[in-house]
Structures are given as structure tokens and as C-alpha cells.
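**Student:** Sharing the feature lines straight out of TrEMBL:
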type     : residues           : note
BINDING  : A:Gly129, A:Thr132 : Na(+) binding site
COMPBIAS : A:1-12             : compositional bias 'Basic and acidic residues'
REGION   : A:1-37             : region 'Disordered'
TRANSMEM : A:58-80            : transmembrane segment
TRANSMEM : A:92-110           : transmembrane segment
TRANSMEM : A:122-139          : transmembrane segment
TRANSMEM : A:151-174          : transmembrane segment
Amino acid sequence: MRADESGPERDSQGPAYIPGAESEPLPIAPDADEGVRAGSAVPTAAGEGFGSRLRKGVLAAVALGGLLGGTARYALGLAFPTPEATFPLTTFAINVSGSFLLALLLVYVLEIWPPTRYVQPFAAIGFLGSFTTFSTWMVDTDRLLVDGHYAAAAFNVFGSLFAGLAATGLGLAIGRIALARRARLAALRGHARRYGWWVR
Amino acid sequence: MITVLAVGVAAALGAVARYVLNQYVQYRSPSTFPRGIWLINITGSFVLGLLVGLGARHGLPEQVLTVGGVGFCGAYTTFSTFSYDLVRLCKERRVGKSVLYGASSLTAGLLTAAAGLVIGSL
């Protein structure tokens with residue numbers, strides 16, 4: 001991942017959108033909202049409670065995304081059922097693909113697209129958060145263990161874990177390539193920054 | 001059809017519960033360690049284990065299991081954020097925290113899910 005960031009485009013001092021050095025911290029957890037990202041996570045002295053941090057529109061976006069993501073996972077489970085006491089391939093595929101999409105999406109949301117209020121709650125927290133699942137992963141593994149399928153259980157735990165990590169890395173890498181390409185194009189055309197068409 | 005709708009609504013509730021709880025944990029105790037998602041994944045694993053156990057031994061209706069397990073628990077817990085946080089911690093040069101997060105999530109998740117299964121099938 002580090003290799004493709006040191007190119008000649010590094011020298012053309014474009015705007016702040018050239019991918020930063022590797023030490024640049026990744027954005028905070030995807031489930032953190034703007035308030036937390038801005039560092040206002042410290043409880044405010046003005047007596048502002050937790051409730052006032054939750055916005056109805058954001059909650060609605062999370063709910064809608066969750067509805068769609070959960071339904072998509074359920075539908076895939078119906079379409080590709082995995083027999084009892086075998087490796088749960090459907091859940092595996094859902095979790096790995098969801099991890100890839102989340103990493104790619106977050107590069108776009110946090111570094112390429114201009115700040116939006118609802119894209120992250122809807123797509124990242126709502127849809128992809130609900131699409132992927134941790135509890136089924138754990139319970140499936142336990143059931144494989146109980147049934148004595150130790151190899152399948154071990155592969156389920158470690159296969160999902162490492163495939164998820166690889167998918168996340170791949171998503172981040174592809175996002176960074178897109179970011180570098182955009183910065184290069186923007187520098188060529190003399191634009192500081194190119195927004196998507198849906199902005200404002 | 002009604003089951004699909006119920007799963008969707010349960011998933012929406014699960015997603016909102018995850019968002020609100022995670023925000024609350026971050027508000028109460030801000031940390032680089034993803035405490036909120038850790039707690040969510042562990043509790044969700046326990047509840048799903050409980051439901052599956054109840055379904056296997058006490059005849060919990062199949063539809064309740066689908067709506068509560070696949071819909072709510074599945075949406076409440078998340079794998080993608082878990083995976084993203086592991087990579088993020090590594091990139092922030094907090095490799096120890098990342099390993100701790102992964103190992104503790106897996107260990108606690110497997111144990112609480114097993115506890116749920118056992119309690120549910122008592």
C-alpha cells in the first residue's frame with residue numbers, strides 16, 4: 001500500500017488532497033459523527049446532555065440504511081442457504097464484501113467527497129453496519145465447535161478475520177489510488193478540488 | 001413477505017440501537033479503543049446465542065428467531081466496523097491495541113455466545 005503512494009505526483013504540490021504520508025492517522029471510527037471527529041467528545045460544561053447530540057435526521061438515515069442492509073443480508077441468506085454444520089459461506093462472503101465496501105466508502109466520505117450529513121449515517125453506519133454481522137459469526141463458530149467440526153470452526157474464525165482485514169486493506173488501497181488520481185487530474189486542470197454533482 | 005418486512009424493521013432498530021449506544025459510550029468515555037463497538041458485538045453475540053439456544057431446545061418459534069436473530073442481532077452487531085477499526089489502529093501505530101481489540105473481541109464474543117447458547121438451552 002505504501003509503494004503506490006510515492007510517485008512523481010507527490011512533487012506537484014497540489015491542494016491538500018494528495019494522499020498524506022503513511023503516518024497520517026486514518027479517520028476516526030466510522031461510527032463517530034462530526035461532533036466527535038471535531039474533538040468535542042468531552043462532555044460540555046454548558047449542561048448540554050447526550051440527547052441533544054442525536055439528530056432526528058441522522059437517526060432516520062441510520063434506520064433506513066439498517067432496514068435495507070438487514071433485509072439484503074436476510075435475502076442473501078435465503079437465496080444462498082448454507083447447510084447446518086458446514087462452513088457458513090454466505091455470512092463469510094457478506095462480511096468480507098461489506099468490509100471492503102466500508103473501507104472504500106470511508107475513503108470517499110472522509111477524504112474525497114465534501115462533508116455531507118447523511119451519507120455516512122445512511123451508507124456506512126446504517127447499511128454496511130447492518131449488512132455485516134458479528135453475532136452470527138460467533139454463534140456459527142460455537143455451533144461448529146459443539147458439533148465437533150473443529151477445522152471448519154477454526155477456518156470460520158481466522159478465515160473471516162484475515163479475509164476481512166485483507167478486504168479492508170484492499171478497499172483503503174483502492175480508495176487511495178482514486179484519491180491520488182483525482183489529485184493528479186485536479187492539478188492538471190488547475191482546479192483546487194472537484195466536487196461531485198450532488199453537492200449543494 | 002411479512003417476515004421480510006419484520007426482519008427489515010428489526011434491523012433498522014438494531015442499527016439505531018448500535019448507533020446510539022456507540023455514541024453514548026464515546027460520549028461518556030472517549031477512547032481510541034473502540035469500546036462502544038466492542039460492547040455491542042459482545043452483547044449482541046450473547047443475545048443471539050440465547051435466541052438460538054431457546055429455539056433449539058425450547059421451541060422458540062422460527063419466525064421470532066429470524067426476526068430477533070437475523071434482523072435485530074445481525075444488524076446490531078457489525079463486522080465491517082470491527083475490521084476497519086483493527087486496520088485503523090494498526091495504521092495509527094497502535095498495533096498492541098489493535099491486537100488486544102481483535103483478540104478480546106473474538107474471545108469474549110465466542111465465550112458470551114457460548115454462554116447464551118448454554119443458558120438458552122437449559
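Heads up, the Cβ atoms here are built off N, Cα and C, so glycines get one too.
Remember, TrEMBL labels are computer predictions, not curated facts.
Quick caveat, the model's predicted, so the values are computed rather than measured.
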**Student:** What parts of the chain pack near the transmembrane segment (A:151-174), using Cβ distances under 8 Å and only residues at least 6 beyond its ends?
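**Tutor:** Distant contacts of the transmembrane segment (A:151-174): 1, 4, 26, 85-88, 92, 95-97, 99-105, 107, 137, 140-142, 144-145.
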**Student:** Would you find the one among the binding-site residues A:Gly129, A:Thr132 whose Cβ has the most company, meaning other Cβ atoms within 10 Å?
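**Tutor:** That would be A:Gly129, with the highest Cβ count within 10 Å.
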